[in-house]
Structure formats: structure tokens, C-alpha cells
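S.K.: Sharing a structure below in C-alpha cells format, with a few things to ask.
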Ligand code: PEP
């Protein structure tokens with residue numbers, strides 16, 4: 001039985017005051033209604049400077065902390081980078097790697113993404129590896145070929161690493177656009193990913209869907225057999241909306 005997972009990717013949003021309000025509402029609500037919110041796992045991923053604030057707010061909460069990226073290096077002359085051990089120092093248990101915004105704006109290749117997943121895993125963090133096709137790739141009928149290409153270096157990491165990661169399918173055309181893949185479109189890709197994972201001996205790995213998930217579409221997405229939860233962007237900045245997705 002795969003457990004449900006809902007992760008909030010705050011991206012480069014927030015400030016001390018707004019974060020505090022968001023975190024307090026999430027923590028309070030999850031604590032007050034364990035039968036709704038503690039059946040699965042909820043994770044929040046603030047920007048790096050706010051990890052300490054979030055870690056403090058989440059002490060004694062079932063809500064866990066994640067980061068939005070990690071360096072492939074362990075320490076040294078890598079200006080602007082943050083290592084996996086630094087994330088561990090701030091109580092992170094999760095890290096997103098290969099988000100389409102990192103791939104697009106920072107030129108991260110699928111090989112670098114796989115390396116980040118390995119470094120995260122080696123340091124005791126659960127990597128959430130994002131894959132997804134662009135609109136032109138979908139329109140050209142290349143969706144599954146693109147997912148296959150992006151997954152290849154990750155699958156090559158071997159079952160010891162694969163057993164401990166999460167995959168997030170995030171069609172680029174659905175991220176922040178208000179366009180969501182239909183449950184059937186998402187399921188088709190999730191089933192393909194599940195097939196690849198099963199062939200690699202790790203069919204139990206959770207596969208999240210991401211791309212304009214909202215309270216009003218979460219239930220139908222989560223009803224699909226290979227969708228184990230969501231990676232939520234914009235809607236994760238609104239406590240009520242995020243909690244409604246988690247409740248779904
Ligand atoms: C994301 O950035 O991972 C994401 C899914 O964003 P949104 O929910 O805003 O589409």
C-alpha cells in the first residue's frame with residue numbers, strides 16, 4: 001500500500017510574516033483533525049532562507065520539511081549552492097530535484113538531476129524527482145519519449161537509490177498556467193512511469209502529479225490508480241486551499 005503524499009512547493013514566495021501565518025494555520029489544522037490530515041504525509045518546501053523558521057514551526061508537528069533544490073557538491077567553493085548536509089542541519093527530510101524551472105532557468109540536465117537525487121539519498125533526504133514534457137513536446141506526440149529520456153539516468157542509479165525516492169510528473173504546460181492535465185492524461189503518464197519503476201524492481205515508489213492542482217480538481221486526480229498525491233505550487237501559498245488538497 002503506497003501512502004499518500006502532498007507537498008507544497010512555495011517557490012520564491014513568502015516573507016517571515018506571511019510564512020508564519022501559513023505555517024501556523026497548517027500546523028494547527030493538521031493537529032486538530034488528525035483523522036483527516038494524518039492519514040498521509042504533508043510536506044512544505046519554503047525557500048532556503050526560511051527553512052529555519054519553518055523547522056521551528058514544525059517541531060512536534062506531523063508536517064515535514066523539504067527544500068526546493070540541493071547541490072551535487074558536498075562542500076567547498078560553490079557560491080550560492082546549498083548542500084544536502086546543510087539541509088539536514090535544518091531538519092529537512094525531503095528535497096525537490098529537477099523541477100522544470102531549474103531545468104529551464106538553470107540548465108539542469110537529467111544527468112545532473114539524477115546526481116542530485118543520489119546525493120540527497122546518500123545524505124538521508126528523500127529526493128522528489130520532477131519530470132514532465134512541454135506543450136510542444138506533447139503536441140508532437142513525444143510525451144512518453146520525453147519522460148523516458150528524463151527518467152533514464154535516474155533509473156540507472158539502481159534499486160537501492162530508487163527504492164527511496166519519489167517521482168513527480170509535472171507537465172510543464174500545466175505548471176502555474178491554470179491548465180491541469182485531465183485525470184486520464186495524468187494517469188496515462190503515471191502508468192508509464194509505474195511500468196518503468198516496476199521493471200526496475202521498485203513498483204512501490206510514490207508518483208505525484210503536479211500542475212495547477214487545486215482543491216476542486218485534487219479528488220478526481222487522486223482517484224486515479226497510479227497518482228499517489230500532489231506537488232502543489234501556487235495553491236500551496238494559501239493554507240485553506242492547500243489543506244483542502246491534502247484532505248482530498
Ligand atoms: C510546481 O511548481 O511544482 C507546480 C505544480 O506549480 P502549480 O501548482 O502552481 O502549477
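Glycine is treated like the rest: Cβ placed from N, Cα and C.
Under the heading substrate binding site, TrEMBL lists 9, 10, 11, 176, 212, 233, 234. Feature annotation from TrEMBL assigns active site, electrophile to 99. Here TrEMBL flags 170 as active site, proton acceptor.
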S.K.: List, in sequence order, the same-chain residues at least six positions removed whose CB sits under 8 Å from that of residue 9 (substrate binding site)?
M.R.: 45, 68, 96, 99, 210, 231, 232, 233, 236
S.K.: Let me check the 10 A CB neighbour count of the residue listed as 'active site, proton acceptor'. How many other CB atoms are there?
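M.R.: Total other Cβ atoms inside 10 Å, all chains included: 29.
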S.K.: Let me check the 10 A CB neighbour count of residue 234 (substrate binding site). How many other CB atoms are there?
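M.R.: Excluding its own Cβ, the number within 10 Å is 20.
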S.K.: Identify which of the binding-site residues 176, 233 has its Cβ surrounded by the largest number of other Cβ atoms within 10 Å, counting every protein chain shown.
M.R.: 233
S.K.: Which number gives the other C-beta atoms within 10 angstroms of the C-beta of the residue listed as 'active site, electrophile', all protein chains shown included?
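M.R.: Taking every protein chain into account, the count is 27.
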S.K.: Would you work out the biggest C-alpha to C-alpha distance among 9, 10, 11, 176, 212, 233, 234, the residues that bind substrate according to the record, and give it in angstrom as a whole number?
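M.R.: Across 9, 10, 11, 176, 212, 233, 234, the two farthest Cα atoms sit 14 Å apart.
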S.K.: Excluding near sequence neighbours, so keeping only residues 6 or more apart in the same chain, what lies with its CB under 8 A of residue 11 (substrate binding site)?
M.R.: 47, 68, 101, 233
S.K.: For the recorded substrate site formed by 9, 10, 11, 176, 212, 233, 234, name the remaining residues of the chain with Cβ within 8 Å of the site's Cβ center, in chain order.
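M.R.: What remains near the Cβ centre is 175, 232, 235, 236, 237.
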S.K.: May I ask you to report the DSSP-based helix, strand or coil state of residue 212 (substrate binding site)?
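M.R.: Reduced to three states, the DSSP call for residue 212 (substrate binding site) is coil.
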